[in-house]
């Protein structure tokens with residue numbers, strides 16, 4: 001078992017030595033522009049890159065992050081983004097509660113959870129695309 005491992009390591013080492021040019025410089029091109037392993041920013045493409053750039057600016061275009069909780073009073077309600085004029089909302093009410101209270105939230109004034117009285121307000125939201 002150990003001899004197989006040593007033979008495998010020896011083969012890899014000889015391949016690495018053959019990959020060098022006549023002057024001893026490596027012929028293999030690195031993936032990153034600066035050399036070495038690319039960073040997440042250099043490697044990300046598409047939607048992942050768009051989300052990373054938005055996060056760097058402090059934005060959340062696809063609602064990936066949890067909403068910021070407020071006190072939930074009538075003067076400072078929890079803001080619920082929606083692309084329509086109504087949205088269904090789930091309230092846990094208490095920290096150790098295992099039941100979710102679901103209710104419809106409509107555009108306009110802040111509305112209360114029927115169970116605990118926490119206030120929620122629907123705010124318009126535009127999609128990123």
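Cβ from N, Cα, C; glycine included.
As written in Swiss-Prot, here are the features:
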type	residues	note
TRANSIT	1-31	transit peptide
MOD_RES	68	N6-acetyllysine
MOD_RES	86	N6-acetyllysine
BINDING	91, 93, 113, 116	Zn(2+) binding site
MOD_RES	121	N6-acetyllysine
Residue 113 (Zn(2+) binding site) CB neighbourhood, other CB atoms within 10 A: 20
Distance [Cα-Cα, Å, rounded] between residue 121 (N6-acetyllysine) and residue 113 (Zn(2+) binding site): 11
Densest Cβ neighbourhood among 91, 93, 116 (binding-site residues), 10 Å radius: 91
Candidate with the highest Cβ count within 10 Å, taken from the modified residues 68, 121: 121
Zn(2+) site, defined by 91, 93, 113, 116: further same-chain residues with Cβ within 8 Å of the Cβ centre: 92, 94, 101, 114, 115, 117, 118
Chain-internal residues, separated by at least six, CB under 8 A from residue 86 (N6-acetyllysine): 104, 105, 106, 107, 122
